[in-house]
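K.L.:
Dropping the structure in here first, questions after.
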Protein chains: 2
Amino acid sequence: MANRRETPVTSDADSPQPDEFAFIRRHFKQLAGVEALGLTDDAALFTPKSGHDMVVATDTMVEGVHFLPDDPPETLGRKLLRVNLSDIAAMGAQPFGWLLALACPRGPGHIARDDAWYAAFAAGVAEDQARFGVTLLGGDTTSTRGPLVMSLTILGNVAPGAALRRNGARHGDGLWVTGTIGDGALGLLALRGEIPDPDGWLADRYRLPQPRLGLMLSGVANAAMDVSDGLVQDAGHLVRESGVGVVIDADSIPLSAAARASGAAAGRFTGENLTTFCATGGDDYELLLAVPDSASERLLESCRLTGTPISRIGRFDSGVSGARLARADGSDIPLERHGWSHM
Amino acid sequence: MANRRETPVTSDADSPQPDEFAFIRRHFKQLAGVEALGLTDDAALFTPKSGHDMVVATDTMVEGVHFLPDDPPETLGRKLLRVNLSDIAAMGAQPFGWLLALACPRGPGHIARDDAWYAAFAAGVAEDQARFGVTLLGGDTTSTRGPLVMSLTILGNVAPGAALRRNGARHGDGLWVTGTIGDGALGLLALRGEIPDPDGWLADRYRLPQPRLGLMLSGVANAAMDVSDGLVQDAGHLVRESGVGVVIDADSIPLSAAARASGAAAGRFTGENLTTFCATGGDDYELLLAVPDSASERLLESCRLTGTPISRIGRFDSGVSGARLARADGSDIPLERHGWSHM
């Protein structure tokens with residue numbers, strides 16, 4: 001794509017290699033799978049997995065919005081990959097490959113990362129690629145006069161009929177969630193120095209969410225999604241798409257020991273305040289599932305096999321409107337916000 | 001994805017719908033194919049075309065780099081789609097669907113587009129979707145404190161073994177190019193008021209490139225790519241990947257009547273100056289092909305059937321190093337630049 005106000009490529013060699021291509025070769029070629037054709041063609045080429053359907057999703061992270069300007073490059077690419085892997089997990093699919101579009105800051109007013117920064121970025125991603133069994137298929141790098149913008153597109157495979165949707169929750173289904181909720185939102189506060197985080201556990205959870213891949217959810221969950229914008233708000237998506245309300249038992253929401261300790265130490269988040277902050281904080285990337293009681297045992301068994309923490313935190317109820325956060329006595333906890341919007 | 005410094009979603013309704021989701025529903029739901037699952041799930045879901053391979057590519061356009069801040073929204077999304085379709089065409093594939101990642105400017109110092117702008121953007125894309133037979137599969141919208149950044153990922157199908165690569169050019173192959181070269185680069189100058197463009201034809205070519213889909217190139221072209229960063233530079237990619245040089249006959253490069261007239265009227269681009277500007281200008285999105293003489297007739301026939309202009313502009317030569325731009329007398333035309341880099 002032509003870049004009108006950028007670098008002309010001069011003729012100091014017979015076959016000039018513009019900076020962009022050297023940049024890609026230096027940092028990203030090591031990540032490329034065979035389908036990427038060496039990152040030298042116009043597109044990647046692959047044979048879809050036989051007898052499978054495919055899923056595809058894209059998620060963007062913008063500097064100053066989704067991450068801090070001084071977030072370490074070692075974890076930034078890994079987080080971008082993981083939030084996309086979390087979308088694949090939410091569909092009950094297996095990830096296959098990904099594409100990356102980078103708009104890199106140039107010029108005054110924004111942080112221009114140096115080569116070492118991108119090398120660390122790529123090294124981090126390489127580690128997670130191996131961990132999650134995916135490879136880079138392609139991408140695009142360009143410059144911008146604004147903050148760093150990173151868009152990742154991910155592809156995955158799923159057996160026909162096995163994909164999980166948001167619209168299948170039914171009256172009586174249990175509402176389940178993996179892992180713990182609120183650590184990511186608290187981790188951001190910790191990184192800002194607003195709450196203590198003695199061993200850095202909360203910051204780690206903010207920087208490296210854990211995509212919940214590998215669970216056997218087909219025939220177990222009636223609906224699924226990943227929690228990214230706040231538990232209550234995202235439960236509202238299941239409610240809206242499924243046409244059935246849900247009551248979330250506030251006391252059942254799984255909070256980490258670090259969340260409880262840091263909240264208490266800061267004096268700012270205790271009891272119901274901590275719960276509501278965590279339930280509306282976002283950045284969790286845990287799975288939210290609607291599971292009929294008849295399948296609870298199979299869900300628990302799959303979680304045991306994969307070492308995935310899981311909690312039952314509520315019940316879908318056709319007599320309820322929306323997603324309600326309830327106290328033990330059944331009364332609603334009033335919320336100032338339900339989650340976060342990107343726009 | 002959590003958006004830390006953005007809009008909290010307040011609880012003024014039982015099922016609050018954050019702005020982002022209303023925005024997507026308002027503008028993009030009309031573009032979504034059945035595979036997009038109404039744009040309400042974590043990923044799109046589709047069954048790959050039976051017996052076919054897939055191609056996938058991504059390309060980004062950044063405000064102030066790839067387009068002008070006041071470029072009309074009616075054509076901006078269409079251009080983004082078309083430059084990606086051009087990548088699919090360069091692989092000899094058929095486009096299927098696409099995903100869009102938008103980082104929309106908010107706050108001071110950047111142009112915050114209003115709802116009418118995005119409506120026009122989507123209406124333009126809807127027109128091109130119908131024209132090229134593709135549908136929206138999914139996407140992501142977020143805000144940025146910088147310029148508008150738009151990343152598009154496109155998926156396509158190709159028969160096994162039929163995909164075109166850049167690395168197949170052989171000694172003796174003809175170098176062919178579709179359409180005319182340089183109009184896009186001249187169109188940008190026209191939009192800046194630097195050269196005349198009485199009927200707006202050059203500006204149109206800049207704003208709406210023509211992806212060269214539908215040609216029968218399998219078994220005809222030994223190598224292919226699309227010209228996006230400048231003809232000479234992109235020919236250099238074919239040369240590098242194929243390991244064989246090429247001599248481009250400057251007089252054979254197809255220039256439009258509008259390019260000749262505007263260049264002459266401006267007094268700035270005539271004769272060799274016009275040719276070299278066009279051959280290094282970029283933003284063409286025409287196909288560059290390596291075709292053995294034995295297949296020339298089949299190429300011409302396919303172009304006739306599809307109404308695609310095509311020109312033979314050079315010859316691959318193992319005795320030549322790099323991509324050379326040559327005069328009729330065989331001497332090299334010296335170039336200050338070969339094309340453009342994105343970084």
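Even glycines carry a Cβ here, placed using N, Cα and C.
Those TrEMBL annotations? Automatic predictions, nothing curated.
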K.L.:
Of A:Asp87, A:Asp173, A:Asp283, which does TrEMBL put in the Mg(2+) 3 site with A:Asp42, A:Asp226?
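P.N.:
Looking at A:Asp87, A:Asp173, A:Asp283, the one TrEMBL places in the Mg(2+) 3 site next to A:Asp42, A:Asp226 is A:Asp87.
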K.L.:
Which binding-site residues (A:His66, A:Asp87, A:Arg166, A:Asp229) fall within 10 Å of A:Thr58 (Mg(2+) 1 binding site) by Cα distance?
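P.N.:
Near A:Thr58 (Mg(2+) 1 binding site) by Cα: A:Asp87.
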K.L.:
Given the binding-site residues A:Asp42, A:His66, A:Ser228, A:Asp229, A:Asp283, find the one whose Cα is closest in space to the Cα of A:Asp140 (Mg(2+) 1 binding site).
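P.N.:
With Cα distances computed to A:Asp140 (Mg(2+) 1 binding site), the winner among A:Asp42, A:His66, A:Ser228, A:Asp229, A:Asp283 is A:Asp42.
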K.L.:
Rank aside, I only need the closest one: which of the binding-site residues A:Asp42, A:Asp87, A:Arg166, A:Asp226, A:Ser228 has its C-alpha nearest to that of A:Asp59 (Mg(2+) 1 binding site)?
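P.N.:
Checking each of A:Asp42, A:Asp87, A:Arg166, A:Asp226, A:Ser228 against A:Asp59 (Mg(2+) 1 binding site), the shortest Cα distance is to A:Asp87.
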K.L.:
Provide the three-state DSSP residue tally for the domain 'PurM-like C-terminal' (A:171-318): helix first, then strand, then coil.
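P.N.:
For that range the per-state counts are 64 helix, 29 strand, 55 coil.
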K.L.:
To the nearest whole angstrom, state the Cα distance for the pair A:Asp87 (Mg(2+) 4 binding site) and A:Arg166 (ATP binding site).
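P.N.:
Cα of A:Asp87 (Mg(2+) 4 binding site) to Cα of A:Arg166 (ATP binding site) measures 12 Å after rounding.
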K.L.:
Once the chains shown are all counted, how many other Cβ atoms turn up within 10 Å of the Cβ of A:His66 (substrate binding site)?
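P.N.:
A:His66 (substrate binding site): 26 neighbouring Cβ atoms within 10 Å.
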K.L.:
Through the lens of DSSP with three states only, how would you label A:Asp87 (Mg(2+) 4 binding site)?
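P.N.:
Reduced to three states, the DSSP call for A:Asp87 (Mg(2+) 4 binding site) is helix.
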